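S.K.: Pasting the relevant annotations from TrEMBL:
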| type | residues | note |
| --- | --- | --- |
| DOMAIN | C:4-78 | domain 'Glycine transporter' |
| DOMAIN | C:90-163 | domain 'Glycine transporter' |
| TRANSMEM | C:6-22 | transmembrane segment |
| TRANSMEM | C:29-49 | transmembrane segment |
| TRANSMEM | C:55-76 | transmembrane segment |
| TRANSMEM | C:88-106 | transmembrane segment |
| TRANSMEM | C:112-135 | transmembrane segment |
| TRANSMEM | C:147-165 | transmembrane segment |
| TRANSMEM | C:171-188 | transmembrane segment |
Amino acid sequence: MFYTVEILGTIAFTISGVLVAMKMRMDLFGILIIAFVTSVGGGTLRDLLIGNSPVFWMVDMMYTYVILVSALFAIIFRNKLNYLRTSLFLFDTIGIGLFTVIGIEKGLSIELHPFICIALGTMTASFGGVIRDILCNEIPIIFRKEIYATACILGGVVYFILREFPIDDNWVFIISGLVVILARLLAVKFKIALPTVYSNTLD
Amino acid sequence: MFYTVEILGTIAFTISGVLVAMKMRMDLFGILIIAFVTSVGGGTLRDLLIGNSPVFWMVDMMYTYVILVSALFAIIFRNKLNYLRTSLFLFDTIGIGLFTVIGIEKGLSIELHPFICIALGTMTASFGGVIRDILCNEIPIIFRKEIYATACILGGVVYFILREFPIDDNWVFIISGLVVILARLLAVKFKIALPTVYSNTLD
Amino acid sequence: MFYTVEILGTIAFTISGVLVAMKMRMDLFGILIIAFVTSVGGGTLRDLLIGNSPVFWMVDMMYTYVILVSALFAIIFRNKLNYLRTSLFLFDTIGIGLFTVIGIEKGLSIELHPFICIALGTMTASFGGVIRDILCNEIPIIFRKEIYATACILGGVVYFILREFPIDDNWVFIISGLVVILARLLAVKFKIALPTVYSNTLD
């Protein structure tokens, strides 16, 4: 079941990459690359930092196939994607929830500190979008007005709180993933954002 | 012989880095760094992703020496480089062909899927230019109007087709490298580019 | 004692990250991330390139704690940081000196060539600032007008010269770190910069 959810998340991330790349008027190759890095960038950074090589998408071809097919789908039906807007947002949010918990568990499996595990989870879920924005020469949106990463961190905290209780591991996984999803949905619905901080006394 | 070709490719990549960095009016140190990353960036990403560490240029000093000497050469003779324009383009194209096949074979040596090997080859040949453009704060040119990477992919496909036939490994190496070179030369000569894709219905 | 110096350097790098991120009007999360990458980015690149994983800040929680506390401090007292300007510059400079020598010794411990060790030291000291500038969508300042990296390289050269003499290892460490610090202080005081190179004949 988790594998199915991971495919949905991969599809959503891929399509979000295609959309940004098309807006930048990239060529077909550029679009595919941006789709790919948006989709696997977070997990790749995670694998590099913990020394898991070759990185995950090099040894499981599922990712490559899913990304190619869904990127081509998005390019062909680019004028119809508006109808899928809500589904895509949901897939994307579900993907974030899942990727966060996957990242946390990868960190736990090599006995890293909970803080570091949460950081790994947040990276897995959000770094693909950061690379996408850097390659498209924009300040990553995540640094400016998104509750995105905050939702991942919240889910991560819940994950480690739940582990203190005698709860089945699968439930810990599912509940904390749902917390990420719910936090993001509520934040978007009620337009919650972190405050920006600005200092006038420094030039 | 391959080693000689690799040196030519390294020289061409280095000088292309120097030229871009000088256009950005960087200082001497900035120019050397951009020259270095343009030259070894692709192979470094490849080595990181497959877990080959320390990365290649840390254990074979040839790269460092060739880069330093050719970067200084390019800086000193910066007003005469126009005369070398055709040679540089040829070296660059030969470098791409060679680096693509080297990347593919590194992937094969750890038994990765052909698609992934082709991706590694393409990265080896093209990612240096991507980092160069990111460091110079431009949208990587490769995503916008280059047949560059497409030539690498084409050569990679030929590589794996040839391997199905009873052909000597060296010839597979040489022929697929030449395919990359030829595809790029023809694309530049006839101004072939991938189509860009743009959707008007999405904001 | 070195550990204390490392903490001072980490604090200075963190605060420099916070200041840049606040100027870009990032949100709280963005500020923390920029602070983090500014602080540990250089050492992370070094660890990735030499294959030291999990990277250093994942296995020693000191860095995370120091960064979190000093970033929050900088955010809260953002309107008072002017009073600390000289101290911060000093901490930053000391951090560069220390991080350079740490990077060199990491390279030596796996028997890399002196040139590569010096490159590792320079990266450790300066790459955090490069990532900070890329994430903030600016051409890294280090490529344009800083003697920063040149000071690291100078210290590195002194390191390897001193090693030829019968001097205690600790003194080699301290003296070459001081050379970096002194070179930077003198360069800033006398506004020394590397020349930029520009060619008019190339378009």
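Backbone N, Cα and C atoms are what each Cβ position is placed from, and that goes for glycine too.
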S.K.: When you check the transmembrane segment (C:112-135) against the transmembrane segment (C:29-49), do you get at least 3 Cβ pairs under 8 Å, counting only pairs 6 or more apart in sequence?
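M.R.: Contact between the transmembrane segment (C:112-135) and the transmembrane segment (C:29-49): present.
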S.K.: At a C-beta cut-off of under 8 Å, are there same-chain residues at least 6 beyond the transmembrane segment (C:147-165) that contact it? List them, or none.
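M.R.: For the transmembrane segment (C:147-165), the sequence-distant neighbours (Cβ-Cβ under 8 Å, at least 6 residues beyond its ends) are 96-97, 100-101, 104, 114, 117-118, 121-122, 125-126, 129, 171-173, 175-177, 179-181, 183-184, 187-188, 192-194.
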S.K.: Across the domain 'Glycine transporter' (C:4-78), what is the average pLDDT of the model, as a whole number?
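M.R.: 90, rounded to a whole number.
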S.K.: Looking only at the domain 'Glycine transporter' (C:4-78), how are its residues distributed among DSSP helix, strand and coil?
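M.R.: When I sort the residues of the domain 'Glycine transporter' (C:4-78) into the three classes, I find 62 helix, 1 strand, 12 coil.
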S.K.: Please list the DSSP helix, strand and coil residue counts for the domain 'Glycine transporter' (C:90-163).
M.R.: 60 helix, 0 strand, 14 coil
